[in-house]
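Below is one structure, written out as structure tokens; comments come after it.
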């Protein structure tokens, strides 16, 4: 765990690049039972973060999880019975002795005894199909709130009109009707809050019921029981784990505030198990496939366990605003021993390089299995896991990348960059940083807690940052409020606004030690905001949702209105001088291991001669904008005739940049200049990255559910040096549980081939994703689409096909080749 919010190198501006210290995965303390959720001591997360929960009565017993084991996991996160996954057989019975009104277990003659329950929970049954939950690798009933489902009751005798039947759903440690944690549904009578149950058919000793759930129901895993009352006495069906019911948010239900009125949106943002995450720079956009895996066995339990670990009151779990805010806090480990430990140091020897992950499943299952935070994550990993969790719980969610994303540390709503008298960067003063890219999430919901006009997409950002009065969570924040600079809207609008629509302000130190604004770059922040397009792997530009067109009156008004609420409201009072020399910076596209060229084009738009004194400073940079020391620089004076252009170039050899490279292979070119005749100041920061090769995946044969299939992976080392301790990861929902392959060393410029088998467990189009990681090279990945045919006879799902996670398996290469 990091010592403070800004202690880790590579993440925050103002921290010099130095030998890295690795954040260690700290186990949570093991105090007396339920200490994590005690009501005493300091202010709770809810008191600090959520005003509506800050006055919670100390007698509320639904605070925190049910302590069913040493880790304090509640029933919603317990492990499932062995052999349950993949079984398509129905187990309707909940037989055995019940309880009568006297509590002595005596079953009297004439009592209406429930001898069995069939929740019709099979993935091929109508319930799971109609509720769009048939892909979850679970046997229990999973339904979405606000939508009816069916069940069968098996009775000891024929149902009579004088009999009374009541269904009950319970969640939490101390279920209460008033909190929605104990739901009582009289059959055949109108329920409360949208809950009701009706008899649709009575045939002999079988009763068919149609049950309606409330569109505002709490989400989670409920215990289920049935009570009957007849002239002979009362009966209660014993609780049975096989009859537990999961209830989720419902974007198909118009009465649910998470409702989405576009089927193609729901297919993409709720049901799609894989997606694209974009990274790099605006000019050099990279993309990688991410396995969200929200339907994989165990993932739903992990998502509910996250809510338990936060100690979220069960009564608040029906509110998507509160749930998404808790998820943004719990996906990172700060404050609460959440899912992922952030690490921007460059040293990942005590965990997994963030670039090596290919999906969320391995991360979430590890957290569920051990209760310990998983090392390590960076922004795209936090966002990928958040997408998985929110989609799994039923919220339409997408992963969003913002290029040139600002990190404003002083609430000025501007990015302030300081230079000395010669326009050389003063890194010890540059606490604000501009990330090459930053990845967060949009989720869709209504906002009844805000004025009208702010429903729709809401930003949720789980990367731990300095927001929310010291709480490491961010959002949900209305995209509409960001677009219009309404920074007083909750939650965390000022910070997110600055990430996408602030200005970059250049300050130069004067002879007397003071600083003066010499240049304001108005189009440098939030230059491109993208997400995966609906129904394809294309990239969709959604900048227009976050920002008015750059330079428009509406955009300037939004920026200056927001800045007026910041710590430097008069920053725009003093603007620069006339500008008649234009500057354009370019970097040659290159792969890691190659030489490259950077250049600056100067153009004189005036009718007079111009003399430009130009300085170029090149350094490596983390994707977070934190830079290393300058390793190459060039100074040149350029004479420009009226209307003329000239190019200044700087070649960079591999041997020059190799010793300095950090994660993502990114470099920062600081360009500054001074026009002798007019006094114009030129300033530009240009970030570019070195590309990495892709893995080539080829399917060897047809893919059929339940039948072994083989994939071939080919990789060529682009570096002239040996890659050591190379690790491949392989994963794909419905195809392969997360698998780690240790392959040893790969020589310089060597080509290797390996083959792996897998057994598909679900039919349809699937994505098989692979990555490669070594200390010398990372951010290498590949993907192949696998169209899986149903099993012969359409037998459906297989119980353990696809395999469990295989960790640390040593794999010999099938073949090696030279350059």
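Cβ atoms are placed via backbone N, Cα and C, with glycine included.
All protein chains included, residue 379 (active site) registers 28 other Cβ atoms within 10 Å of its own Cβ. Here TrEMBL flags 379 (among others) as active site.
Counting only same-chain residues at least 6 apart in sequence, those with a Cβ under 8 Å from the Cβ of residue 438 (active site) are 379, 401, 402, 405, 463, 499. Marked as active site by TrEMBL: 438 (among others).
Feature annotation from TrEMBL assigns active site to 461 (among others).
What TrEMBL lists as Ca(2+) binding site is 501, 503, 550, 555. For residue 555 (Ca(2+) binding site), the number of other Cβ atoms no farther than 10 Å from its own Cβ, over all displayed protein chains, is 18.
According to TrEMBL, the compositional bias 'Pro residues' annotation covers 17-26.
Residues or ranges marked as compositional bias 'Low complexity' by TrEMBL: 73-90.
Look at TrEMBL and you will find 371-464 tagged as domain 'Transglutaminase-like'.
What TrEMBL lists as region 'Disordered' is 1-40 (among others).
Annotated region 'Disordered' per TrEMBL: 61-107 (among others), in sequence order.
What TrEMBL lists as region 'Disordered' is 799-819 (among others).
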Whose Cβ, among the binding-site residues 503, 550, has more other Cβ atoms within 10 Å than any of the rest?
503
Taking each of the recorded positions 461, 501 in turn and counting other Cβ atoms within 10 Å of its Cβ, which one has the fewest?
501
Give, as a single whole number between 0 and 100, the mean pLDDT over the domain 'Transglutaminase-like' (371-464).
90
Cα distance (Å, whole number) from residue 461 (active site) to residue 550 (Ca(2+) binding site):
24
